[in-house]
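Okay, structure first, notes after.
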C-alpha cells in the first residue's frame, strides 16, 4: 500500500484487491481489514518495499530483533516480525492499552541509542515507508512508537473494514459487549465499511464511536440487513456523512431512500440492491441537489430514470458510473447527455444494449470527458472508436475490455488521440499485431492492457518497446507473451512494470 510521502513504495505481500488483512487477535477486532478509499495502483501491490538507511543499531528494542548495520536498509520483514503483546489489538488499541509494551528506559543499549530509537523526528520520517498492516504491528513495539504512529496523518485515505462478529466481545457469561473503538478515534478515521450489520449494530456503532455524530464523512454498508428505519436513523444521527455506499443490501426499499437521503450527500454508490429501480433514481435526483458522483449498478433501472436529473445536478455532477444497467438503451443515453452535460467520468460498463449510436451521442455532447468505460458492451464496433477519436480530445482513459467487435481499424482511429494515457483492451479477441503498430506512435500512453488478446504474437508485442514512456503493460493470459519476451522488455523498457 502506498502513502502520500512515498507513492512508489509497496508492501511485499498484500492482496491484489487493495485490502490489508490484520492478524487475528483475542479481542475480536484483530481480523479487521483496512482498505484504501480508492484502489489505485492495484497491480503494483506486490513489489518489494525500500526503507532508507537512517536507523542505527539502537532500534534493538527487543533482544530477539536482528539489527542491520547503519549502512544497509532496514528490512520490513525484520520489523514486521516483532510479536505483539498478548491481548493487544492491532486495530482497536486504545491509548490506555498496551501496558506490557516496553518503555524507552527499559530498552537495551546505551542511553544515547535508546534516545535515538524513540526520536520522534526520525520516527515521523521512517513510518511513511510502511504499509497500513505493518504500521499496526509496529505500533505495538513500544509506547513511543505507538504515540507517533497513532497520528491521523499516517492513516489518511484508509478505511477500516469491520464485520459483524468483530464488533462484539463475548463475555464469560456469554453476553455480548460492543468493542472499544477508541483506537480508531485516536487515529482520526473518518470513514468506515461495515459488513453484514443490522439496524441494531449500526445504532451500537453510532453510540460507541466517539466521532460518529460529526466526524465520520464516509459510510459503506455491504451485505447488510439494514432496513428503511435503520437507514433513516443512521443518516439522521451521523450528520457528517457526505459519501454513502450501499452494496448487497436487500432489506431497504425505495421508500427508505425517500425518507432518509439528505441534501448534504455529495457521493452515492448503490449496487446489487434488489429494490432499486427508477423510483430510487427519482429520489436521488430530487433529494441530492449537490451530488457530484453517482455509482449505480441496478438491473431494473430504465431509460426513463436518466431524465430525472435536475439542472442543478447537471452543473455539479461530474462522475456517473452505470454498471450492468441492462435495460439502458441509446434512448437513455440521450436523456443522460442532456441532463448531465458536465460529466468528466462516465462508465457504461455492462450496458449491453448501448450501440455505436449511443457512443456518438456521448462523444458529441460530453466534450469534457476524461475517462470513458465501455467494457462489456458487445455491440460497440470500430465506428464508436472513430466518434471518440474525433470529438473527445480531452480523454485520458478509455476502457474497452470485452468489446469483442473492435478490430485493428478501430485502433488506427485511437492512434490520433494525443491526450490518451490509459488504454484497456482486455479480451478484445480481434486485435492483431497490425493493430498494435497503430499504437506505437502514441507517446502519451502510460498504461496499456492487452490481457487475454489471443491473436497477438511475440513479434507484434516486441514492437511495444518503442513506447518508451510506458509505465505499466499488462499481458496476462496473452499467448504471445513468452519468458523471452519478458526478458526483452526488462532490458528495453526498464521503467515499465510488465504484468505477466
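Any Cβ shown, glycine's included, is placed from N, Cα and C.
Features of the protein shown, as given by TrEMBL:
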REGION    1-36  region 'Disordered'
COMPBIAS  24-36  compositional bias 'Polar residues'
REGION    90-113  region 'Disordered'
DOMAIN    264-337  domain 'F-box/LRR-repeat protein 15-like leucin rich repeat'
DOMAIN    343-465  domain 'F-box/LRR-repeat protein 15-like leucin rich repeat'
For a three-state summary based on DSSP, what are the helix, strand and coil counts in the domain 'F-box/LRR-repeat protein 15-like leucin rich repeat' (343-465)? 42 helix, 15 strand, 66 coil
Report the DSSP secondary-structure composition of the domain 'F-box/LRR-repeat protein 15-like leucin rich repeat' (264-337) as helix, strand and coil residue counts. 29 helix, 14 strand, 31 coil
Give, as a single whole number between 0 and 100, the mean pLDDT over the domain 'F-box/LRR-repeat protein 15-like leucin rich repeat' (343-465). 97
